[in-house]
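Visitor: Sharing the features that Swiss-Prot gives for it:
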DISULFID  CYS310-CYS390  disulfide bond
DISULFID  CYS350-CYS374  disulfide bond
DISULFID  CYS352-CYS357  disulfide bond
DISULFID  CYS461-CYS481  disulfide bond
DOMAIN    201-395  domain 'Peptidase M12B'
DOMAIN    403-489  domain 'Disintegrin'
CARBOHYD  ASN259  N-linked glycosylation site
CARBOHYD  ASN353  N-linked glycosylation site
CARBOHYD  ASN373  N-linked glycosylation site
Amino acid sequence: MMQVLLVTISLAVFPYQGSSIILESGNVNDYEVVYPQKITALPEEAVQQPEQKYEDTMQYEFEVNGEPVVLHLEKNKDLFSEDYSETRYSPDGRETTTKPPVQDHCYYHGRIQNDAYSSASISACNGLKGHFKLQGETYLIEPLKIPDSEAHAVYKYENIEKEDEAPKMCGVTQTNWESDEPIKKASQLVATSAKRKFHKTFIELVIVVDHRVVKKYDSAATNTKIYEIVNTVNEIFIPLNIRLTLIGVEFWCNRDLINVTSSADDTLDSFGEWRGSDLLNRKRHDNAQLFTDMKFDLSTLGITFLDGMCQAYRSVGIVQEHGNKNFKTAVIMAHELGHNLGMYHDRKNCICNDSSCIMSAVLSSQPSKLFSNCSNHDYRRYLTTYKPKCILNPPLRKDIASPPICGNEIWEEGEECDCGSPKDCQNPCCDAATCKLTPGAECGNGLCCEKCKIKTAGTVCRRARDECDVPEHCTGQSAECPADGFHANGQPCQNNNGYCYNGDCPIMTKQCISLFGSRATVAEDSCFQENQKGSYYGYCRKENGRKIPCAPQDIKCGRLYCLDNSPGNKNPCKMHYRCRDQHKGMVEPGTKCEDGKVCNNKRQCVDVNTAY
């Protein structure tokens, strides 16, 4: 039996419904005024935790176009990690890192009742603010600033007055990959989604806020903006079974820590260098996005490295912020992350169930939240080809910050199991209604659970992927497989041709093969002398757009030179160089550069015993 608590919000007369009004998103030509009524449905035995300000699930009822709609909301428990932190800098350059309380946050995902294709991303911090999709149309909702009133404005995205400006586009250009495999039509995507679910992946994200944005907004407004944007990006990636978790935010309060210029390419290159040599050493994460107010050349609104996810210098992106148009900024960020995950710009034959798709090279006047059939195809290819380790391992239950939500198929602290909703659950060990184990069951989820029993101690639950990885074994006490580990950095591998680095064995031969094919090998030592020149092609690193030559002892940590043995193309000193992706083709961190030495994140050849 359910108890239904109906909170009726007093109505106020608002005389300007339907006319033009200036709202947070800009000048809106047509809108409705609504008064959401909150409907809280709790099980009879449920008790709301007194210290919890924001409920885990909520429902609101209001009218759109004269028809009642019920908005179901569920707190986005993936939004923050357990160790979420914020870093700021004082005028003298000292960094201060804090860990604000984020468990009881007010950011939700949702859906509209009786609309199977609906979705929503909502902030409930002060009224309802965000967007929802209803009957194929994208609507925005926000509170009206009227004293003692619960009035909200609801309007279609298309009714925001457009700025008179040149078309905005993505700065990624090397997106001409085509496959011989047939691309599924949009109508086929729904039919096959249940059969071909994407493997669940987890991206731990850091947002870096440049000095222009820090000066533009106060601290609270900047935080709210970032949370709303990441909440929406998280929602956009749900159909691909990707979960984004915010690990931290870094604010460049006093000055930019790189040279942010109107050249998007140079800024991206500098940001990648900084992330690989600085941020990655301080903060564990998978990807970093620079949030900037710089107006880039060529109407560029974002740029990133294709296939760059999990790579020290390439798992980054640049996103231009668009004032209070958080939905637009979120779509740009999702687009750039899509490139990091192997997605190319949509080609002519690419379609989705919308007028445009996320990976369009030019941002539509009505930005879409949908990936095309081509993007789905590209992402599958990326997972198969690159097998990006950093995003394939789920966070441990203790690392999830938000309270558990029964029925979301994520086994969280406080739950004995979670197999989804009662309608979808196929697990005989778990009671879907309560997330409790069925009588006689020892476990219901986890890699160390089999036929409702915990596997015996010593049973392998995660096999070693290669010689630098280690297998994980069940403890006999828990159904959860221990955290993924690997051999210590610096352990010899590949017959002493390399040293282990973060679970991989990076050697130059494999990197040459990746760039130029199976016939490629490492070039003669004389080729690497080019890296001492600090030339257009040969250098060790870049600082504020200037190419720094390698010191003599570091030449094998700069640009990689290979011997291409393919027929008709025997170049003794071949290297990979693209103006728009200068990190690709550099020797990877952790690579052996001499006996007993490896390349560190600063592209220096250092003793393996002191490198880590």
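The chain as shown is numbered from 1 upward.
The backbone N, Cα and C atoms fix where each Cβ goes, and this holds for glycine too.
What's the neighbourhood like for these features in this structure?
Guide: Counting every protein chain shown, 19 other Cβ atoms lie within 10 Å of the Cβ of CYS390 (disulfide bond).
Within 10 Å of the C-beta atom of CYS374 (disulfide bond) sit 24 other C-beta atoms, taking all shown protein chains into account.
In the three-state DSSP assignment, the secondary structure recorded for CYS461 (disulfide bond) is strand.
Within 10 Å of the C-beta of ASN373 (N-linked glycosylation site) there are 21 other C-beta atoms, taking all protein chains into account.
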Visitor: Nearest to CYS481 (disulfide bond) by Cα distance: which of the recorded positions ASN259, CYS310, CYS350, CYS352, ASN373 is it?
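Guide: Closest recorded candidate to CYS481 (disulfide bond) by Cα: CYS310.
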Visitor: Where CYS310 (disulfide bond) and CYS352 (disulfide bond) are concerned, what is their Cα separation in Å, rounded?
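Guide: It is 28 Å, counting Cα to Cα.
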Visitor: Report, in whole Å, the straight Cα-to-Cα distance of CYS350 (disulfide bond) from CYS357 (disulfide bond).
Guide: 8
Visitor: Can you tell me the three-state DSSP label for ASN259 (N-linked glycosylation site)?
Guide: coil
Visitor: Given the glycosylation sites ASN259, ASN353, which one's Cβ is surrounded by the fewest other Cβ atoms within 10 Å?
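Guide: Output over glycosylation sites ASN259, ASN353: least Cβ neighbours within 10 Å is ASN353.
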Visitor: Give me the DSSP three-state residue breakdown of the domain 'Disintegrin' (403-489), ordered helix, strand, coil.
Guide: 0 helix, 15 strand, 72 coil
Visitor: Within 10 Å of the Cβ of CYS461 (disulfide bond), how many other Cβ atoms can be counted across all chains shown?
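Guide: 18, counting other Cβ atoms within 10 Å of CYS461 (disulfide bond).
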Visitor: Starting from the Cα of CYS461 (disulfide bond), work out which of the recorded positions (ASN353, ASN373, CYS374, CYS390) are within 10 Å.
Guide: none
